[in-house]
Amino acid sequence: MLLDGRKTADILNEALRVKVQYLTKKPKLEIILIGNDEASKSYVKGKLNTASNLGMEVHINYLDEAIDQLSVEALIQKLNTDKGVHGILLQLPIPKHLDSDYLISLIDYKKDVDGFHTMNQGLLFQKKDGIRPATPLGIMMLLDFYNIPIEGKHVVIIGRSQIVGAPLSKMFLDRNATVTITHSKTKNLPSITKQADILVAAIGKPKFVTKDMVKVGAVVVDVGINRVDKKLVGDVDFEHVEPIASYITPVPKGVGPMTICALAHNLYALYLKQEKE
C-alpha cells in the first residue's frame, strides 16, 4: 500500500489552514536563496505555494551566487531582530565559499523553521520541547496518519546525516522503537536491513535498496530524490520492492510533500511561541 505523502499533506495542511485563518496576523517566513540551483528554486517554489495557500506570508531573498559571507550574516541578523518575521530558512545547498554551518548557527533558534540549529538539535536529544527537523517530522506525521505502529518495532535507517538520519533515529527512540543506524562503513548491510520492520533509506543513491534487502511486510520510507534520465527516482528500487512491502512511499509524492507540510507546521508553532513572549 502506498504511503501517499501528497494526499496526507493536503489533509493536514487543510486542518492547519483553518487554524491560521483565526490568527490575528499572518505567520511570516523569510527564505534565503543563494545562487541559481534549479533544484533549490523548485523546492522554494513548493514551500512558497504551500505557505501561501495556508494563509501564511512568505518572502524570498534572492542573493547572487558570488555574495560574500558577511553580507549573508548581516541579512540573517536583520531578520533575527525583525519582530514581524516568525521563521527563517536558509535554502541548502549554498555556494561552497560560504560556511553553511556557521550561517545556520546565526539564525535565532526561536525562528529556526528547519530545526537545524544546534539548540533545537540539543532540545530534541534531551527530549525537550523544540522545533524538529522538517523531513524527520514529516516522516513521523506520515506514519502516524496511516496508524503505523512504532513502539517495539525494529527501525533501520540507512544514512546518518544531521538533517535526516540522526534526528530521525532519536524521534523513533522517543516512540520506543529499537533503532539501528547504518552508513557507508556498515558491513553486511543487507543482513541488517532485512531485519527491519520499518526501513528508511536516506543516502542519495538511486535505487540502492533492492528487493533482497527488504523483509516481506516491511514498511519502507524512501527519502531519496535522485534525477536519472530526466526522471525523479528514490533510493529504493520501487518497482521490485513495492510488491513485498506492506507500505511504501513513492518518489515523488512521498516524503517531499510531507517535508513541506512539516515546515508549515513548524512555522505555525514558532508563531505561537513568539506571540506569547
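Each residue, glycine too, has its Cβ placed from N, Cα and C.
The model shown is predicted, which means the values in this text are computed figures rather than measured ones.
Annotated in Swiss-Prot:
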{"type": "BINDING", "residues": "G159, R160, S161, S184, I225", "note": "NADP(+) binding site"}
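Shown here: features listed in Swiss-Prot, placed on the structure.
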| residue | record | CB count, 10 Å |
| --- | --- | --- |
| G159 | NADP(+) binding site | 23 |
| R160 | NADP(+) binding site | 18 |
| S161 | NADP(+) binding site | 17 |
| S184 | NADP(+) binding site | 10 |
| I225 | NADP(+) binding site | 18 |
I225 (NADP(+) binding site) - helix vs strand vs coil (DSSP): coil
